[in-house]
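Taking it in order: structure first as structure tokens, then the write-up.
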């Protein structure tokens, strides 16, 4: 019998804002957000819990945030500091395991299956890690502990902020059976509405459904939906895997048929893509991101992708890609549009310089 895995998902609490409050204690207890200025048509990168009481959230336009919360204290992004603190957190992780998969600066998966510290208890290990982060860095973290990767991520939100939640092998089956499908990664508003129309609300409902029907109705995602609902998640924690690209996509409430409609969606996706890039690559120019791609998924669930190396990241370049890939629709409706960009590397930069 295979060894039951022990997975921890660590998620820092309002990370950037928490660092700013640590650096300037006068901010504690006040609504604080990290983000761009109104003049620069900026958006919030994150905000603390005091600000969230006013309905503020990440990616909200700064101008809108200030209308909701006139006393909001806006702090500019300090990416070098956030990256330095993130590395300090990862040094704490590595005291317990080398199998660490970062998802962003403020969250990561840890595989502690073979860790012998804390008598091998993943629960105690997570608590020790969170204690160390607080004692050494004066920041709080939340954690989810489970035998499966997707479950660990889901339950890390369960006792936020500054808490943790455990799914043991013994209670995993019952927990998954009652788990709302909207909690599963990848189930957005549109997919959740479609599931609800079919009378599917929990993983238990999927368990009682026909496998072929789920696969046919939801395409490739149907396989993940079926497996997660049956407590199957064999994805490994990929240690030291550098992320090579970033993607954003939108499953549409209703299929579209016209290029003009698609261009409006690309506009919104481009803003979201730039926001996420600036969150993790704030010190890099958008012109350094040269390899772009666009994806269309059609009403029949087939999909196509077009990738190009360009002179840099811009809305105009994505619109050009959209106009080219739209020729492949062949009178089919479009149900999803996605944009992606490859991260620049030193090797790629040197190669490109030869042609500048």
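Sequential numbering from 1, following the chain as shown.
Note: Cβ is positioned from N, Cα and C throughout, glycine not excepted.
What Swiss-Prot says about this protein:
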ACT_SITE  107  active site
BINDING   11, 106  Mg(2+) binding site
DOMAIN    7-188  domain 'UmuC'
SITE      16  site 'Substrate discrimination'
Including all protein chains shown, what's the count of other C-beta atoms within 10 A of the C-beta of residue 11 (Mg(2+) binding site)?
19
To the nearest Å, how far is the Cα of the residue listed as 'active site' from the Cα of residue 11 (Mg(2+) binding site)?
4
Going by C-beta under 8 A and a gap of 6 or more residues, the same-chain neighbours of residue 16 (site 'Substrate discrimination') are 34, 45, 46, 77, 78, 82, 106
Would you count the other C-beta atoms found within 10 angstroms of the C-beta of residue 106 (Mg(2+) binding site) for me?
24
Restricting to the domain 'UmuC' (7-188), report the mean pLDDT as a whole number.
94
